[in-house]
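To keep things clear, I will list the structure first and then write my remarks on it.
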Amino acid sequence: CYIQNCPLGGKRAALDLDVRKCLPCGPGGKGRCFGPSICCGDELGCFVGTAEALRCQEENYLPSPCQSGQKPCGSGGRCAAAGICCSPDGCLADPSCHDEAAFSQ
């Protein structure tokens with residue numbers, strides 16, 4: 001499950017465990033899921049609501065929490081690609097996400 005929308009028991013347990021990276025997605029598996037319909041990678045940019053992001057729906061059914069991206073940004077989001085901040089609800093342009101170390105992988 002995405003850490004922001006895990007069931008309470010799962011989210012509480014997440015504080016004690018290492019949060020894993022969300023499922024890989026996109027061409028060649030080079031992206032990471034950021035939400036049920038969002039797949040982003042530093043070389044790919046972001047796919048929102050496209051075939052490349054279909055695999056990201058599987059994450060909703062996995063019990064352990066996941067989080068993609070290194071650097072927090074926006075309102076509960078993480079840097080997903082150059083200049084892009086994503087949360088499970090969507091993506092926005094964010095100049096703080098231009099640092100290469102902030103990308104998804």
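FYI, residue positions are counted from 1 along the chain as it appears here.
Placement of Cβ uses the backbone N, Cα and C atoms for every residue, glycine included.
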Swiss-Prot annotation, glycine amide - which of G9, G29, G76: G9
Name the cysteine that pairs with C97 in a disulphide bond per Swiss-Prot, restricting the answer to C56, C66, C79. C79
Per Swiss-Prot, which of C1, C6, C22 is disulfide-bonded to C66? C22
Restricting the comparison to the disulfide-bonded residues C73, C91, C97, which residue's C-alpha is spatially nearest the C-alpha of C33 (disulfide bond)? C91
How long is the line from the C-alpha of C73 (disulfide bond) to the C-alpha of C79 (disulfide bond), rounded to the nearest angstrom? 6
Which of C33, C40, C97 (the disulfide-bonded residues) has the most other Cβ atoms within 10 Å? C40
Closest of the disulfide-bonded residues to C56 (disulfide bond), Cα to Cα, picking from C6, C22, C85, C86? C22
